[in-house]
């Protein structure tokens, strides 16, 4: 069940859901707006002949930091990783979903490719998968609204919440945009 604004505030006030820093004005009818940080992870496309999710490719991306009062310029067709300014911590019976802001989507900005779901038990900054689908560069201002988190009450607490180790916790406690760690649990069925 999607959690309403009043229940979001109750969960935050009780410390069950933690957003750090939390700004009460960011609460919407059924979500909380989140802001973009000043750290970005750019792809160095010339370091590898291809991307292989089964292999560790430590030089595939590099971290850059823009000044707090300067925008990051996302060029048409470009894909970079960013992160939320807020760190998010969820209890074992609440999941979340990152959604983009409609106003930014109408400008051609996508905030995530596929990883919009946040498991119960997660704690850390949410990595954004940013794409510019427009024909002009887009300025991304640190501290500006970039998306919104919707929260879902589970029917019961997760038996093995994220971070417990049962299903893996490769991104638990992440700070800033975190590169893919797909090689750590790559699975391929022989067919």
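Placement of Cβ uses the backbone N, Cα and C atoms for every residue, glycine included.
Over in Swiss-Prot, the protein carries these features:
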BINDING   101, 102, 103, 104, 105, 106, 119, 127, 128, 129, 148, 162, 174  dCTP binding site
SITE      116, 117  site 'Important for bifunctional activity'
ACT_SITE  129  active site, proton donor/acceptor
REGION    165-191  region 'Disordered'
COMPBIAS  171-183  compositional bias 'Polar residues'
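Over all protein chains present, the Cβ of residue 105 (dCTP binding site) has 14 other Cβ atoms lying within 10 Å. Counting every protein chain shown, the Cβ of residue 116 (site 'Important for bifunctional activity') has 18 other Cβ atoms within 10 Å. Looking at residue 148 (dCTP binding site) and residue 116 (site 'Important for bifunctional activity'), their Cα atoms lie 10 Å from each other. When secondary structure is read from DSSP and collapsed to three states, residue 119 (dCTP binding site) falls in the coil class. All protein chains shown were included, and the count of other CB atoms within 10 Å of the CB of residue 117 (site 'Important for bifunctional activity') stands at 12. When the alpha carbons of residue 116 (site 'Important for bifunctional activity') and residue 105 (dCTP binding site) are compared, the span between them is 15 angstrom.
The Cβ of residue 101 (dCTP binding site) lies under 8 Å from the Cβ of 33, 111, 145, 146, 147, 148, each on the same chain and at least six residues away in sequence.
Between the candidate binding-site residues, 103, 148, the densest Cβ environment within 10 Å is the one around 148.
According to DSSP, residue 103 (dCTP binding site) sits within a helical segment.
A simple Cβ count within 10 Å picks out one of the recorded positions 119, 128, 129 as the most packed, and that one is 128.
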